[in-house]
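Engineer: My questions will all concern the structure given below.
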Amino acid sequence: MRRRTDPRIKPSEITPESVYLRRRELLKGLAFAPALLAGCGDTQDPQPAAAVEPELPGKRLAARPGSAFSTTETLTRATDATRYNNYYEFGTDKADPARNSSRFRPQPWSVTVGGKAAVTGTFDLEDILKGHALEERIYRLRCVEAWSMVIPWIGIPLAAVLKRFEPAADARYVAFTTVARPAEMPGLGYPVLDWPYREGLRIDEAMHPLTLLAVGLYGHELPAQNGAPLRLVVPWKYGYKSIKSIVRIDFTEEQPPTSWNQSAPDEYGFYSNVNPAVSHPRWSQATERRIAGGGFSLTGNRLQTLPFNGYAEQVASLYAGMDLVRNH
Ligand SMILES: Nc1nc2c(c(=O)[nH]1)N[C@H]1C(S)=C(S)[C@@H](COP(=O)(O)O)O[C@H]1N2
Ligand SMILES: [Mo]
């Protein structure tokens, strides 16, 4: 792992690796403290029901509605989905991504495709999207911090996009990388993770029809805080697998390194399938706080978490015969 320098610490204080790692643990603890509190009812809860739904800043997008995969559960309000975010490149507080992303420029955008595929290179986003019909998919999003939302995404099945690059027979995984622009992303100044943010999927997970490459939500282009202009949505996995603002896609033979797994392998596995039976070392995953509708209360809206976030019927067969505790 590359060594990072914490800008808040003077060079004269540069410490041995063990201390450095402990400091990272501490920072990570701080990063998660609000989430832990949130689980018990805290002050950063979404806005009261009377809040007016915002007019999303992005262009309106036309999309085919009513996917068979969409849930009919009560939607999270756009206000909450766009103001209560995890996007550490903009800061670790839930309000930071909306607050600190005004300098972020998602246009023009290109994605570099590399590794084990016949078609590789750098492609304009428009060319990647060309010829694909946009669909609306209403999915549950379950964060590892034990809260969840119901979000109407707009996007394209990832499989349709990946097939055009003609992955090789030995492409067993797909790796994704988020853009890292320190001038536009103030959170990159803090070594909470080993930037850039990276995620990965097994290729059969990437090709699964539920896996979406999203460009919008609530009928509009993605706002910066939700991962503009292009992010992954993998609804049966913890939210951190759904990597935002993608600039690289690599087909690999070996399992690629992923940011949260590298930072704390015991807490965040490569698979990260939602599993109520496997607790996080610091909290239970048996239930979740659903942020949806206007009826939020500190004690209410606690739901049982379902295996694979309720998508077991679609995806459980991908893991047949696997030990899902070891491969958490
Ligand atoms: N690049 C990047 N992608 C990211 C994150 C992040 O910090 N950086 N946070 C993840 C986490 S923990 C969650 S829960 C979801 C949140 O997506 P949302 O803000 O659109 O609801 O984004 C994921 N993708
Ligand atoms: Mo998350």
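Each residue, glycine too, has its Cβ placed from N, Cα and C.
Note that TrEMBL annotation is computational and uncurated.
According to TrEMBL, the protein has these features:
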type	residues	note
BINDING	ASN85, TYR88, GLU89, CYS143, THR178, ASN226, ARG231, SER242, ILE243, LYS244	Mo-molybdopterin binding site
DOMAIN	104-260	domain 'Oxidoreductase molybdopterin-binding'
Engineer: Tell me whether GLU89 (Mo-molybdopterin binding site) sits in a helix, a strand or coil according to DSSP.
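Structural biologist: For GLU89 (Mo-molybdopterin binding site) - judged by DSSP and reduced to three states - the answer is helix.
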Engineer: Do any of the binding-site residues ASN85, THR178, ARG231, ILE243 touch ligand 1, in the sense that the CB is under 6 Å from one of its atoms?
Structural biologist: ASN85, THR178, ILE243
Engineer: In sequence order, what residues of the same chain, 6+ apart, have a Cβ less than 8 Å from the Cβ of GLU89 (Mo-molybdopterin binding site)?
Structural biologist: THR178, ALA180, MET185, GLY187, LEU188, TRP195, TYR197, SER245
Engineer: Take the Cβ of THR178 (Mo-molybdopterin binding site) and count every other Cβ within 10 Å, whichever protein chain it belongs to.
Structural biologist: 23
